[in-house]
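Trainee: Take a look at the following structure, please.
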């Protein structure tokens, strides 16, 4: 398994929050603390170093005690721009990402992804969960914003973004990628509206 010291964790908090009315999702209070702080507390014990990707309210994120990196690609280019910012700044061979609005990040995320990456000789590892479709039948759901990435792929990601690419799964398909099954799909629940925020706080 990849040593913890070889992995940098990256919290993706650089989006517009448009589905939540433009608010900064990572700074919304969830059970008494900002959502991004919940993600930080669950992710940081799994890695050797931490970064936060943010494009506004930088001082608020810096108060978490973790280096903050902004997108180098302009105009809120999506999560891949945040991932690139992390790849450009991390000093380790691997980068582990998680969005700021996922307060139940699995505590074994790094361990399971790194083990699968090594066993498959892959460059990227992503979680997969089984979730019901419209007919109630189980289907595979890839969780692409939670991923372990070989930092040597940074140059290829630059090329992809410069060519106008924005979809995570389209970029990861260019490389050897392994999917890793996780049983608890709610661990990857992200929060896109204030209503979902309140519902999740009450439910779990």
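Placed from the backbone N, Cα and C atoms, the Cβ positions cover glycine too.
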Trainee: Quick one: which of 101, 108 does Swiss-Prot put in the GTP site with 12, 13, 14, 25, 53, 71?
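Mentor: For the GTP site that includes 12, 13, 14, 25, 53, 71, Swiss-Prot also lists 101.
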Trainee: Please report the three-state DSSP label of residue 12 (GTP binding site).
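Mentor: Its secondary structure by DSSP: strand.
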Trainee: Mind checking which of 13, 53, 71 has the fewest other CB atoms within 10 A of its CB? They're the binding-site residues.
Mentor: 71
Trainee: Need the DSSP three-state call for residue 25 (GTP binding site) to compare against my parser.
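Mentor: The residue in question, residue 25 (GTP binding site), is helix (DSSP, three-state).
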Trainee: According to DSSP, which kind of secondary structure is residue 101 (GTP binding site) found in, if we only use helix, strand and coil?
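Mentor: Its secondary structure by DSSP: coil.
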